[in-house]
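A.B. asks: Once you've had a glance at the structure underneath, I'll fire off some questions.
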Amino acid sequence: MFCRQCEQTANPCTKLGVCGKQPDTAYLQDLLTYALQGLATYAKEALKESSQTQNVMKRINKFTVEALFATLTNVNFDSEAIKNFIYEAVKLRDELKQMGFKVQETESCKFQPADNLQELVKQGEEANQKIFHSSSNEDVQSLKEITLYSLRGIAAYTDHAQILGQEDEKVYAFIYEALDAMQRNGDLDFWLNMVLRAGEINLRAMELLDAANTGRYGHPVPTPVPLGHKKGKAIVVSGHDLRDLELLLQQTEGKGIYVYTHGEMLPCHGYPELKKYKHFYGHYGTAWQNQQREFAQFPGAILMTTNCIIKPQESYKDRIFTTGVVGWPGVKHIKDKDFTPVIEKALELPGFTEDKEDKTVMVGFARNSVLSVADKVIELVKAGKIRHFFLVGGCDGAKPGRSYYTEFVEKTPKDTIVLTLACGKFRFFDKELGSINGIPRLLDVGQCNDAYSAIQIALALSKAFNVSINELPLSLILSWFEQKAVAILTTLLYLGIKNIRLGPTLPAFVSPNVLKVLVDNFGIKPIKTAEEDLKDILR
């Protein structure tokens with residue numbers, strides 16, 4: 001086993017994943033990546049002949065992003081599911097091969113999977129070497145890994161957008177090109193360019209997802225979300241998938257069940273077409289890494305959509321369900337989006353026995369809401385009432401050091417605005433920061449993919465002030481954990497955004513020389529202490 005794609009490991013995981021991933025599953029995910037490389041070599045050419053291959057490529061595009069997504073941290077731990085992805089990748093590759101496309105074949109184009117799990121794992125060990133030790137140049141290898149992890153993040157956003165009918169062929173074209181290129185030679189400049197192109201494509205993937213979400217559910221509006229609960233049967237939904245939540249809300253309507261969000265589903269309360277459901281009540285719990293404790297205490301059924309799942313405890317294993325690409329061995333998977341088993345389980349369970357009043361948090365400050373008061377914001381900046389903007393967001397995690405983000409937000413001066421997004425917000429989402437002339441000082445922009453919204457807000461402000469983004473009174477204080485964060489970081493680099501503070505630790509897959517390039521060219525810096533960083537930013 002050799003896995004270093006997430007923030008939890010300072011050195012590669014070699015015996016067992018810090019995330020709970022077993023070595024066999026890790027090797028199968030490596031083998032799936034290898035099989036996808038072979039598929040990509042043919043798909044890259046087939047996509048150019050879209051008039052002849054439209055139907056088959058529609059299936060392959062959908063499959064490829066799902067399969068890549070399944071290899072992202074905390075998504076799919078089910079070896080049987082990964083095995084099926086491997087077989088399907090080879091089947092689709094051979095389907096394209098039979099269509100006669102001329103390609104420069106690599107070893108992965110000829111790969112034949114074993115017919116049993118044990119032998120597949122052995123093949124996965126070989127694939128691991130080919131993927132993660134393919135270059136003797138550690139800097140090239142580092143950039144290859146940044147590209148691969150970015151592809152996994154891009155695939156996640158593309159999958160969500162695709163489900164809601166938003167696609168762009170150039171996203172798939174890049175995925176195939178990059179997967180194919182990983183098997184071939186390329187120097188440092190080639191891979192630096194590939195990383196920046198990944199950022200460009202991820203921006204497009206996030207734009208598609210933004211269009212998908214707002215097109216179907218409306219633009220988020222400022223909405224108070226209760227952190228308490230209602231007496232009655234209950235289902236909590238975690239993950240990121242708005243369509244799954246919508247389907248569950250439709251299927252639970254009139255059944256006497258309250259639906260709650262968990263983790264990154266919190267921003268869903270701001271979407272008009274979701275908040276209209278009267279039984280869609282409030283938010284339960286905090287970020288993904290606390291789910292074992294929080295789910296054990298939840299008196300209803302649990303639905304995991306996409307990531308982030310961690311090993312279910314026995315106390316709730318019989319009442320947690322997965323859907324989409326997420327999976328865990330022994331946990332019931334809802335493949336067809338008929339959530340009857342979830343609903344039946346919720347009706348069996350006691351639910352909450354009494355109402356509980358608690359504080360509320362505000363969501364819904366995506367680009368449309370913020371830009372609707374842009375004139376007021378600009379006036380306040382010009383009048384000196386808003387001195388600085390901070391974007392404090394990204395992934396949360398269990399590793400020590402993340403209290404920095406809580407402390408940073410708490411210490412921001414009263415004439416500053418904090419925008420936040422993704423699950424990193426749970427370090428401070430319920431803090432009372434007050435407001436500036438009616439504008440809340442803490443603005444929740446949304447999920448991690450809503451980095452697109454934050455970028456649009458920054459671009460609009462830079463246009464209004466007639467300066468570049470880097471000249472705005474804006475600082476980015478980011479926390480990372482998994483591959484979607486890597487993809488977002490490459491997008492920020494592609495846009496030329498500088499002086500990003502990144503933590504709680506720097507990625508293990510970034511070599512010293514690559515880090516030097518990022519520091520010298522983009523001013524990326526590790527976080528220090530909240531006090532030091534605030535002093536440096538505001539001096």
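A Cβ is built for glycine as well, from the same backbone N, Cα and C atoms used for every other residue.
Since the structure is predicted, the reported quantities are computational estimates derived from the model, not experimental observations.
Summarising the annotation, Swiss-Prot assigns [4Fe-4S] cluster binding site to C3, C6, C13, C19. As annotated by Swiss-Prot, hybrid [4Fe-2O-2S] cluster binding site applies to H240, E264, C308, C395, C423, C448, E482, K484, with the evidence given as sequence analysis. Taken from Swiss-Prot, the feature cysteine persulfide applies to C395, supported by sequence analysis.
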A.B. asks: What does DSSP say about C13 ([4Fe-4S] cluster binding site): helix, strand or coil?
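C.D. replies: Where C13 ([4Fe-4S] cluster binding site) sits, the three-state DSSP reduction gives strand.
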A.B. asks: Under a three-state reading of DSSP, tell me whether C308 (hybrid [4Fe-2O-2S] cluster binding site) is helix, strand or coil.
C.D. replies: coil
A.B. asks: Expressed to the nearest Å, what is the distance separating C423 (hybrid [4Fe-2O-2S] cluster binding site) and C6 ([4Fe-4S] cluster binding site) at their Cα atoms?
C.D. replies: 15
A.B. asks: Taking 10 A as the limit, how many CB atoms besides its own sit near the CB of K484 (hybrid [4Fe-2O-2S] cluster binding site)?
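C.D. replies: Cβ-Cβ neighbours of K484 (hybrid [4Fe-2O-2S] cluster binding site) within 10 Å number 31.
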A.B. asks: What is the number of other Cβ atoms found within 10 Å of the Cβ of C308 (hybrid [4Fe-2O-2S] cluster binding site)?
C.D. replies: 26
A.B. asks: Which one is it: of the binding-site residues C3, C6, C13, C19, whose Cα lies the shortest distance from the Cα of K484 (hybrid [4Fe-2O-2S] cluster binding site)?
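C.D. replies: Checking each of C3, C6, C13, C19 against K484 (hybrid [4Fe-2O-2S] cluster binding site), the shortest Cα distance is to C6.
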A.B. asks: Tell me which residues of the chain lie with their Cβ under 8 angstroms from that of C3 ([4Fe-4S] cluster binding site), as long as they are six or more apart in sequence?
C.D. replies: T9, P12, C13, G17, K21, A26
A.B. asks: Report the nearest neighbour of C6 ([4Fe-4S] cluster binding site) in space among the binding-site residues H240, E264, C395, comparing Cα positions.
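C.D. replies: Comparing Cα positions, the candidate nearest C6 ([4Fe-4S] cluster binding site) turns out to be C395.
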A.B. asks: If you take the centroid of the Cβ atoms of H240, E264, C308, C395, C423, C448, E482, K484, the listed hybrid [4Fe-2O-2S] cluster site, which other residues of that chain have their Cβ within 8 Å of it?
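C.D. replies: For the hybrid [4Fe-2O-2S] cluster site, the extra neighbours are G263, W288, N307, A422, Q447, F481, A485.
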A.B. asks: Quick one: pull the CA-CA distance for E482 (hybrid [4Fe-2O-2S] cluster binding site) versus C19 ([4Fe-4S] cluster binding site), whole Å only.
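C.D. replies: Approximately 11 Å lies between the Cα of E482 (hybrid [4Fe-2O-2S] cluster binding site) and that of C19 ([4Fe-4S] cluster binding site).
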A.B. asks: With Cβ-Cβ distance below 8 Å and at least 6 positions apart along the chain, what are the contacts of E264 (hybrid [4Fe-2O-2S] cluster binding site)? List them in sequence order.
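C.D. replies: Looking at Cβ-Cβ distances below 8 Å from E264 (hybrid [4Fe-2O-2S] cluster binding site), excluding near sequence neighbours, one finds S238, G239, H240, W288, A422, C423, Q447, C448.
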A.B. asks: Measuring Cα to Cα, tell me the gap between C395 (hybrid [4Fe-2O-2S] cluster binding site) and C19 ([4Fe-4S] cluster binding site) in whole angstrom.
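C.D. replies: One finds 14 Å between the Cα atoms of these residues.
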A.B. asks: Judged by the number of other CB atoms within 10 angstroms, which among C6, C19 is the least packed of the binding-site residues?
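C.D. replies: Per-residue Cβ counts within 10 Å for the binding-site residues C6, C19 bottom out at C19.
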A.B. asks: In the three-state scheme derived from DSSP, which category covers E482 (hybrid [4Fe-2O-2S] cluster binding site)?
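C.D. replies: Going by the DSSP assignment, E482 (hybrid [4Fe-2O-2S] cluster binding site) belongs to neither helix nor strand, so it counts as coil.
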A.B. asks: List the other residues in this chain whose Cβ sits within 8 Å of the Cβ centroid of the [4Fe-4S] cluster site residues C3, C6, C13, C19, in sequence order.
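C.D. replies: Apart from C3, C6, C13, C19, the close residues are R4, Q5, Q8, T9, G17, V18, K21, A26, T73.
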A.B. asks: To the nearest Å, how far is the Cα of C19 ([4Fe-4S] cluster binding site) from the Cα of C308 (hybrid [4Fe-2O-2S] cluster binding site)?
C.D. replies: 10
